[in-house]
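Student: Please read through the structure below; I'll follow up with questions.
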């Protein structure tokens with residue numbers, strides 16, 4: 001569990017590093033020009049970290065499923081020997097996916113406008129400015145939505161469906177509370193992540209201000225609050241916060 005949380009923290013650092021520095025530079029300098037090379041580089045790394053986080057959140061849901069529904073086999077299925085190759089596989093798969101996705105985007109020609117009404121280069125902002133979309137890009141985008149969208153969401157829902165069915169069958173109230181506590185942080189994180197992501201991509205293209213707000217939440221706010229959410233689950237952190245509140249009061 002802590003290995004995956006550590007990787008999630010690294011992903012969150014990368015998330016903010018992809019978008020925030022360039023945004024701050026534009027706000028402070030007043031220079032809003034982004035070259036094509038910078039745009040596609042930003043697109044490459046943003047799709048890379050998004051792919052890692054999508055797979056990682058699904059694997060963490062499976063981790064909680066095994067821990068609650070099949071605890072006796074937890075160290076068999078999710079031992080260090082198994083988790084380290086899984087982690088490397090997640091990053092390697094995301095790197096390969098981002099390379100293919102960005103390469104397919106390079107074949108699109110920009111003719112409507114060279115202005116992107118957004119603070120970073122993503123799929124929606126790039127497709128708005130193009131007049132010809134390659135078949136390869138359409139196919140890869142569809143696979144992206146399937147592999148990194150529907151499959152992780154469905155897999156996560158199935159995992160938590162089984163988790164809740166096991167929790168509700170527990171006779172002890174203390175056992176139910178303890179089991180729910182082990183997955184509460186992850187539930188909050190995936191709810192915020194997928195909720196913001198889905199709403200952001202369902203917003204009509206004409207609602208640029210609303211789209212920007214959700215993109216800021218998705219790329220900047222969520223990576224900052226994820227460590228806080230997971231830290232509050234730790235009993236030592238909870239005790240330290242309670243002591244701090246008592247001292248101030």
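Every residue, even glycine, has its Cβ placed from backbone N, Cα and C.
Predicted automatically and left uncurated, TrEMBL annotations should be read as such.
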Student: Of the ranges 83-107, 108-132, which one does TrEMBL flag as transmembrane segment?
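Tutor: Feature transmembrane segment in TrEMBL: residues 83-107.
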Student: Would you mind listing the long-range same-chain contacts of the transmembrane segment (180-203), meaning Cβ under 8 Å and 6+ residues beyond its ends?
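Tutor: Distant contacts of the transmembrane segment (180-203): 53, 57, 60-61, 64, 67-68, 124, 153, 156, 160, 163, 167, 210-211, 214-215, 217-218, 222, 225-226, 229-230, 232-233.
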Student: Using a cut-off of under 8 Å between C-beta atoms, tell me which stretch among 83-107, 145-168, 215-233 contacts the transmembrane segment (43-62) the most.
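Tutor: By Cβ pairs under 8 Å, 83-107 leads among 83-107, 145-168, 215-233.
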